[in-house]
Structure formats: C-alpha cells, structure tokens
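Taken from Swiss-Prot as is:
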| type | residues | note |
| --- | --- | --- |
| ACT_SITE | 262 | active site |
| ACT_SITE | 301 | active site |
| BINDING | 240, 241, 242, 243, 244, 245 | NAD(+) binding site |
C-alpha cells in the first residue's frame, strides 16, 4: 500500500509484515511453520502474511479456550458487561485505524467502514453488555413446597467462522453475544480477509482474560473443517454461502451440537407505483433504496439484487434510478469520497464477471455497467466492477442465483399479488424491501414475504436490537437482538422440594 495515502487519513499503516495466531492471549506461530500472503483488493498485491493453520493449531486454540472457560463462566455478568463496554470504548478510540485496516483487507470504501462497520461494531458490544446485565432467570411455583428455578448457563467453548464481506462487523455479531453469555471462543476468519481481525486483537486483546478469545487463520479444509467438526466445541456459528453452510451443519451433526447459520440470499426490493405520487424526499429515499444493491460492492447476503417495479411506473422510475446509479463514484477505497470500492478477491471478481456474461447470454438487457472497471495507476490490478443493472424476468439465473456483486436484476409486476409471488419465487429468504406510501399495503407485504427481515421504506439498516436471520435456505437461527443470548446459552432447571415429606410411592 501507498503509505502516503494512509497517512492522509491521519493514521499509520495498521499492518505488520507478518502475523501469528492469537492463542491464549499470546501471538503463537503456526505449528507447521507455514504462512500465506494476504492480498489487498485495492491493488491486487500482497500486504501481509498470516498463518496457514491446521489441526494442531486448532487443538492449541481449543486447549486455551477450555483452560479459560470455567473462570470466564463464573465471571459475574457485571464484570463481563464491563469488559464488553471497555472493548467498545477501545474500538471507538481506535476507530479510524480499524476502519483503514478493514478497507485494506476487504476493499470496501473507508467512508463505509468509518461511518457504518466500526460504529456498528461498537454499538453491538455495548448492546450485549446491556443485555447480559438485564437478563433474568425464572422461578415457577409448582406447589407450596416445590419450586422450579431456571438459570442461563454458557455452552462453554464455541467455534465461529467469519465471512469475508464484513470481517470485523460479522466477527462482532458473533463475539459480542458469545462473550456476554459467558462462552470462550475459537474464531477463524475467512482466508480472503484474514488480517483485520488480527489488528483488532492487537487493540483489544489485553482487555480479555487469556484464552477467552482465540483467533486462528487458515483455509477452510485445513482449519475451518477441523474446528467445525471438533467434539470439543459446544456450538458452531457460521456466516457464508449456503453450500458451505450445509457442510458445517453436517460436521456439527456428528457431535450433536447446535448451529447458527447465516447463509445466502436473493432479496427482492419492491417499488409500488405510489412511490412516484410526488417527486419529494420520500421518492429520493426510494431511489437511494434502489441503488443500495451497490453498497459494500454488492457483497452483502441481503443485497437487494432483485428489483421489482410496478409496471405502471417502470419507465419513469428507471429513468431516475439509472441516473442515481450513474452518480455512484467508484475509486480508491481509501479516498473518503469513494462510494464503491473493490471486490474482496480475484475469485469473486471472476464470479461476478461470469454472471454478467451469463445475463447477456440469457437475453437480459444490460442497462448500465456490465464490465470490469480498470482504474488508473496502482489500482489497475485491483478488483473493480462497475455497478450493473439488468432488465429481464425472474426465471433467469441472474434472478435466482446469488451473484454477490454490484449487480441488480430488474423486472416488473402488475399488482400486489404478482409482486408477492415473484418475491417468494426463490430458494432464499434472508431479506426484502418494500417501498410504498400505503401503510396497510406495507404491512400486508411484510407479512406475506417469506424472509427473515423485511425492510419497509428503508434498506440496509443493521441495528443491534433487531433480529436478523433467514427463512428457507438462507439459514438457521437469528443474530443480533437479545434473543441471540439464547443461541449461546443453555437452560439449567433446578427442581427443588422444600417439603420434609416423602411422596409415598415406595
């Protein structure tokens, strides 16, 4: 990376030349002595080296977690909450450094990491600090002499496998509730974006007892599979594509442990004709909602990658929507004016370009974009794709398969019934958007769409206290909200008799 570009943001280079695994509160070289280069999508060039871990490293991390789990589970909820709040404070104090680290690792614009990813991470830690302080058990009076007590107890040691699209935020989504609930964690980041979590551990590691959080890097089959299939974890949480999620579920089933899976999506974004009833702030907001397919370079599981426009307004709406897309500024991710950055990897770049080619072969009309964006200078080797809009129909593969890039496929509908049918004609059910000035219609559509989250007159908001998760092949379980504590705890029932008298059966 160009150090001058980083310095302009008021921070030094967040990365060292080489990292180790973070195990038991210390930096530990991989047992096999192997490393791999991590490449920044900004230029397509390596910027650091991280461990290529294997079974021995997974075992070492599990050893450290098990050594810490009893003491951490006994730590009072007050102290755990205080630690989570201190983590939030430390992240906030180093927000710019971590935002730059995330942009270098993932390729997303620094304006997003600064304004969204890292502030959300801060808020999630604070939210779960509050949740665990407020959590209560239960008492049931069976009769005058018999009481049932219900306690929330941690699962113990949990495995977490993090995706490459939001490396720090998705790690936070899993770490915050797991730690609040009293669990120890072994976490494996995606091999495409392995480095920003290591910078985070440099920043917050001293706030946690050794072994409570352990980070091992490596590839899926070499490190992820041994972790997910280990009989020494009590749960596995995974965010990623649906095909890998099936494998994670199979691994977990061998040990009969619970899973949380947040998987793929093909989210509909539905615009009813009344959005054009006036050319006002609401319509402007709806146009932004259409353009949200390009947020994070389209690398979002809930990317609104299917746009459904009521046919009575299609031409007028699309004229304005395409102008909005054309105004999206693509450029250097460390430029604070950049609105869309680079795809996370060369592999993902090629996948997106192959789907763009497929769309044309299927007969879809490319309305804008539709190609790689080759930028100047050092950025020429980066992984950039122009925001792309296709027009077609819902049976096309570009409407049915997850592309995970800045590509939206647009079609029309006649009425509410057809809109709902098209929206639900998918294997997935993670997110959806509904845009209308009619509150009753918004409610009907929200209840009728088969998705875990339906944004209504908004899109891509991810507050800590709103449950997130999928229907159908988009996953199992929920993330965020206080209900997430239930995913990382088990219930202990003490059924106590205070009567001195025998039951009288024997």
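Glycine is no exception: its Cβ is also placed from the backbone N, Cα and C atoms.
Positions of Swiss-Prot features highlighted on the structure.
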| residue | record | CB count, 10 Å |
| --- | --- | --- |
| 240 | NAD(+) binding site | 24 |
| 241 | NAD(+) binding site | 14 |
| 242 | NAD(+) binding site | 19 |
| 243 | NAD(+) binding site | 10 |
| 244 | NAD(+) binding site | 19 |
| 245 | NAD(+) binding site | 23 |
| 262 | active site | 27 |
| 301 | active site | 27 |
Name the secondary structure element type, per DSSP in three states, that contains residue 243 (NAD(+) binding site). helix
So which other residues, same chain and not among 240, 241, 242, 243, 244, 245, have a Cβ within 8 Å of the centroid of the Cβ atoms at the NAD(+) site? 238, 246, 247, 248, 263, 264
Write down the Cα-Cα distance for residue 301 (active site) and residue 242 (NAD(+) binding site), rounded and given in Å. 10
For the C-alpha pair, I'd like the distance in angstrom between residue 301 (active site) and residue 244 (NAD(+) binding site), rounded off. 14
Whole-number Å only: compute the distance from the Cα of residue 245 (NAD(+) binding site) to the Cα of residue 262 (active site). 8
Filter the binding-site residues 240, 241, 243, 244 down to the ones within 10 angstroms of residue 262 (active site), Cα to Cα, kept in sequence order. 240, 241
